[in-house]
Amino acid sequence: MGNTLRHGGIHDAVKDQANQQGESPDKAKRYPLYELVDLKGGGELVKLTRESLFSAEKTRLLNQTIRDKVGPFLYNEGAGKKVPIRQLIMARNRDRMRTRPQEDKKKTGGFGLGQKTNSVSALMDPVDNEQDGQWREVCWDLEKRGSVGETILHLCFLNGTQVHNELAKKLVDVFPKLVNDIYVSEEYYGEAPLHMAIVGEDLEMVKYFVNHGAIVTERCCGNFFCPEDQKGTREDCLDHEWVKVSLETNYEGYTYWGEYPLSFAACLEQKEMFNLLRKAGANPNLADNNGNTVLHHMVIQNKPKMYNLALQSGASPCLKNRQGLTPLTLASKLGREKMFQHILETEREVYWTYGEVTCAAYNLTDLDTITPTGEINKKSALSLIIQGDKSKHLDMIDGLIYNLLKAKWKTYAKYSFYRRFVAFLIYLIFLTAAFFLRPRVSLGTTVQTVNQTDGNGTMVLVNQSVYNPCYLQVLVTPQDKARLAMEILTLLGAMLVLLSSAMEIYHQGVRTFLLGLLTAPAKTLYVISCVLVVMMIPGRAACAPEYEDVVCILTICTTTPYFLFFFRGFKLVGPFVVMIYKMLKGDILRFLIIYAVFVMAFSQVMFVLFRAARSSLTYNQFTDPVESMMGMIVMSFGEFSDMYETFDHIRHPILAKAVFLAYMSLVTILLINMLIAMMGNTYTSIQETRKEWLRQWAQIVLIMEQSLSSDQLRKQQLKYSQPLSSQNKAVDTSKTEQRRGFVERFHNVEDEEELRIKREKLRKHMDALFSKRDGRWLPSDKAGPVNKNV
């Protein structure tokens with residue numbers, strides 16, 4: 001790479017390796033290239049180039065030396081040679097040595113994203129598409145390169161001096177095909193001199209290479225230019241040069257710049273180079289290994305100005321990457337609030353402007369969770385923001401996103417929410433009444449007079465208690481009949497809930513339904529409770545009251561937590577429900593893992609100590625390993641007075657008391673207080689995050705719409721949106737009749753951050769201006785005049 005890359009130490013290590021390989025005579029014979037140009041600024045050609053700057057005779061000598069010295073390193077004296085792609089891939093794969101390259105069975109030339117018009121599969125490999133991409137024209141002999149597969153031109157740019165730039169020009173003048181030679185090692189594979197000139201911000205050399213036939217669509221897909229979390233998943237295929245990587249990634253990398261020279265220029269904010277490459281034929285819609293185009297990379301790099309330049313040059317904001325994300329949805333997933341707002345502004349349609357007020361419509365295609373066909377789009381911007389777990393996503397639930405959620409809430413989600421809440425209350429009343437009206441077990445026992453023969457052979461009448469396992473099926477009293485009616489209503493309610501869940505699966509798919517359950521644990525328990533209600537039918541039919549009792553207990557335990565789901569929708573108690581979820585998932589889970597380790601360890605110690613207890617001991621909690629664990633759990637809650645008295649009745653009472661003190665110190669004093677401290681931190685952090693409840697309310701809105709059919713969702717979307725015209729060129733106009741927009745009126749501001757600061761200053765000023773007493777705002781003597789311009 002160029003001299004400017006020093007982030008991860010990889011480049012410096014490669015340079016040191018090359019330097020060491022050029023020091024000894026034996027290594028110089030192995031890499032004779034370094035005798036011409038090395039990485040220390042020296043070399044035979046560098047010396048001649050420096051002298052040629054002041055002498056025409058030396059210039060002629062330099063040109064002749066280049067022909068004589070460099071020619072033997074080239075295929076066919078510089079004419080080049082067609083090298084099979086498989087040979088290059090096998091050589092590159094030796095550097096990795098983890099997996100052998102495989103045949104590409106699909107042979108699609110892309111990522112198998114289908115044949116849609118907005119797919120990137122046809123744009124993946126413009127170099128390899130020529131004659132099926134089975135060869136590459138190479139000028140420098142592969143066996144005579146540097147330690148990492150570099151040529152003499154790469155060495156010139158690694159030094160990066162004016163003298164080396166002049167030498168690079170001389171080399172290209174003499175051997176023009178050198179300009180398209182690339183690194184062939186795993187680390188920098190595909191990097192051409194054009195890439196290095198862009199990284200070095202050398203506009204003159206970029207122009208020179210473009211004018212001398214540099215391929216402006218060359219792909220640089222080496223390990224060095226890959227996201228950090230994908231470097232361990234790289235796999236080769238013998239049918240193409242690009243590398244297969246894992247689908248899941250966060251796109252974070254020091255030099256993840258999109259492989260193409262145009263993407264390099266955009267990521268490095270080189271506007272002149274970008275325009276130059278576009279005029280030379282570079283395509284901004286070409287996609288890298290992850291399917292990201294130039295616009296995707298502008299989102300990743302957070303560069304709105306270059307996004308505008310790429311958009312104006314013909315880049316399409318409708319193309320999706322391998323994860324199915326457009327630039328807008330990618331900004332939503334990564335939490336790039338600045339880029340998200342910027343993309344919305346570029347795609348909106350302004351209807352009118354009056355003073356500082358503007359009315360505009362925002363395209364709902366990638367923004368809303370409802371598609372034009374009425375299906376749920378889990379990769380929409382709204383869904384990705386709501387499901388995001390970063391603090392940046394909370395900041396994005398504002399402005400347009402909040403107004404869109406409010407419109408959905410008023411249109412259909414609010415009525416569905418309250419209707420479901422009332423239905424749950426009625427169902428819970430039926431369920432509770434059915435359980436309260438259940439008879440006691442003793443009522444199922446009847447006394448019968450039977451004949452028995454005593455020891456003398458005499459027949460006598462004896463009263464015998466007979467247990468009737470089908471006593472729940474006996475309907476004698478009005479209470480029994482009322483119980484049966486409540487049970488039938490409860491069963492019907494449970495079946496309606498399960499039928500509704502089945503309809504959700506039918507309309508939205510199993511994956512969407514399961515993802516909805518993951519975001520609402522209380523709803524998951526409620527669905528399980530309805531299944532348990534249905535499971536009680538076989539127990540009643542088989543007269544198995546013990547089975548039915550167990551199922552009833554589980555049903556009650558999984559039904560009542562559904563209240564938490566509805567409480568999330570109320571601002572008064574919603575934040576506390578969020579705290580409970582956070583503590584259960586984080587603090588208590590970590591505590592239980594460590595707590596279980598201590599309980600298992602100390603319980604076995606106490607079990608061994610009490611194995612030698614005296615026979616006169618009447619109370620022994622540590623008779624077996626399981627009871628020992630229960631005893632330690634009881635002790636951790638402070639109930640140990642009876643257990644402590646038994647320590648004097650075993651063989652080692654002092655050792656037992658020492659173990660007791662150690663356990664109480666570690667568990668009761670240390671662990672439990674740590675749990676309290678962790679839950680206190682969680683409470684404080686959630687309380688300080690004002691928008692956390694807003695996210696929970698937003699999740700309820702998304703869950704409510706999953707219960708509607710596709711036709712219903714499409715009709716509901718028509719109520720809070722309106723058709724868009726085809727004047728906006730930033731979007732795909734092939735589906736104009738399907739496009740809907742969300743109309744928004746807002747005040748024009750130059751900078752949203754500036755507006756936020758002004759609002760914060762106004763709030764502080766008002767706090768200083770007025771003080772609140774007895775529910776009334778009173779003027780403060782310390783306050784100055786109000787700034788009405790804020």
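Yeah, the Cβs are placed from backbone N, Cα and C, and that goes for glycine too.
These come from TrEMBL:
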DOMAIN    478-690  domain 'Ion transport'
REGION    1-29  region 'Disordered'
REPEAT    189-214  repeat 'ANK'
REPEAT    257-289  repeat 'ANK'
TRANSMEM  417-437  transmembrane segment
TRANSMEM  488-507  transmembrane segment
TRANSMEM  513-538  transmembrane segment
TRANSMEM  550-568  transmembrane segment
TRANSMEM  588-610  transmembrane segment
TRANSMEM  660-680  transmembrane segment
Legend entry - Segment-level pLDDT (mean, integer) for the repeat 'ANK' (189-214): 93
Legend entry - Structural state census, the repeat 'ANK' (257-289) (DSSP three-state): 16 helix, 0 strand, 17 coil
Legend entry - Counts by DSSP class (helix H/G/I, strand E/B, coil) across the repeat 'ANK' (189-214): 16 helix, 0 strand, 10 coil
